[in-house]
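For reference, TrEMBL has these:
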DOMAIN    23-181  domain 'Fructose-1-6-bisphosphatase class I N-terminal'
BINDING   E86, D105, L107  Mg(2+) 1 binding site
BINDING   D105, D108, E268  Mg(2+) 2 binding site
BINDING   D108, G109, S110, S111, N196  substrate binding site
DOMAIN    186-319  domain 'Fructose-1-6-bisphosphatase class 1 C-terminal'
Amino acid sequence: MTHITSLHEHLLLTGADPVVAGLIGALGGVAVEVSRLIARGGLSSSLGAAVGRNSDGDGQKALDMIADDAFAACLPGTGVRWLVSEEREGVTEIDPSGTLALAIDPLDGSSNIDVNVSIGTIFSIRAAQASPEESFLAPADGQLAAGYVIYGPQTALLLTWGAGVSHYVLDPGTGRFGLVNDRVRVPPRASEFAINASNFRHWSKPVRAYVDDCLSGAAGPLGRDYNMRWIASLVAETHRILMRGGIFLYPADARPGYQHGRLRLVYECAPIAFLMEQAGGRATDGADPILSRAASGLHARTPFVFGSAEKVARVAAYHDLPEAEISPLFGIRGLFKT
Ligand SMILES: O=P(O)(O)OC[C@H]1O[C@](O)(COP(=O)(O)O)[C@@H](O)[C@@H]1O
Ligand SMILES: [Mg+2]
Ligand SMILES: [Mg+2]
């Protein structure tokens, strides 16, 4: 019987900071409970029932709040001083003597809660500074660790603390995460792009041009046929791309409130970007690296493009093209013929 390295053992083995490792272990423990609750579904009551609106104006579902409460409840004694959550308008101080700052999207992909599609939790761990603003509104490359849990056919945890990306899968029988890969790498070549195409009419020209090129297939500038995916669950798209490559785009668009896209820098884009870059992929706001960006507010949004490095670089290049060349009518962009 081969020994399966548990999350706890692996964190000890790799010399991760013991306080950070302890926090990750606590978050993993709550994730096991959230996974069990989701697996039971609406036996007790609808987890997707609308219960309010968060500061971002997003509808809050019952499971958003259950997950938020559960993760917050595990934090006392873990070394966390400041907590920022998608579901809380302001910052919560946990332990005044804590040395860590935790940003969390307790339940990502909320529109999928009641339709049995994969959803997740995203978290970002930083050093606690004297104030929440200094802690969270600093460049994303200051993160100490980041990860997500995906509650899907398997419950999995993907994690980085700056030494690559590790992949753990939950054994529902034991309630423990087991290490399946300690060096996850984003495959460089893939033929899938993920974007909510219903927003096509709202996109900028560079984004339209890139998507047009994907749709042009083998006869177009990208020289290959593409498939499209849109799960409306950032964690599920991220997991697919980490496992088999591709590109994800949630750009800015012309809809009111979407001038900076939909996804939040502090607790969605920054942690996903850390994972992507650590796995050899790239993550930008369409043009510039997410890891160099500092949020202007706790719930500030940013356009978000991530995935296989070459694809993300191409989208950034389209943003640099002269206006005339990014017209979708500008067929073969000789510049990029691969
Ligand atoms: O419904 P849209 O506009 O396609 O947006 C889907 C995106 O919104 C999100 O659900 C936002 O996250 P939350 O569910 O945590 O608010 C992402 O997971 C997903 O990528
Ligand atoms: Mg989210
Ligand atoms: Mg959420």
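Positions of Cβ are set from backbone N, Cα and C atoms, glycine also.
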What subset of the binding-site residues E86, D105, S110, N196 lies within 10 angstroms of E268 (Mg(2+) 2 binding site) at the C-alpha level?
E86, D105
Do you know offhand how many angstrom separate E86 (Mg(2+) 1 binding site) and S110 (substrate binding site) by C-alpha?
12
Measure from the CA atom of D105 (Mg(2+) 1 binding site) to the CA atom of S111 (substrate binding site) and give the result in Å, rounded to a whole number.
14
Listed binding-site residues adjacent to ligand 3, that is, members of D108, G109, S111, N196, E268 whose C-beta is under 6 A away:
D108
In which DSSP state, out of helix, strand and coil, do we find S111 (substrate binding site)?
helix
If I restrict to non-local contacts, at least six residues apart, and a C-beta distance under 8 angstroms, what lies near S110 (substrate binding site) in its own chain?
G48, D58, G59, Q60, K61, L63, D64, I119
Shell list (Mg(2+) 1; ref centroid = CB of E86, D105, L107; cutoff 8 A):
D64, A67, D68, S85, E87, I104, P106, D108, S110, T121, I122, Y267, E268
Could you break down the residues of the domain 'Fructose-1-6-bisphosphatase class 1 C-terminal' (186-319) into DSSP helix, strand and coil, giving a count for each?
60 helix, 22 strand, 52 coil
Check the binding-site residues L107, S110, S111, N196, E268 for any whose Cβ is under 6 angstroms from an atom of ligand 2, and report them in sequence order.
E268
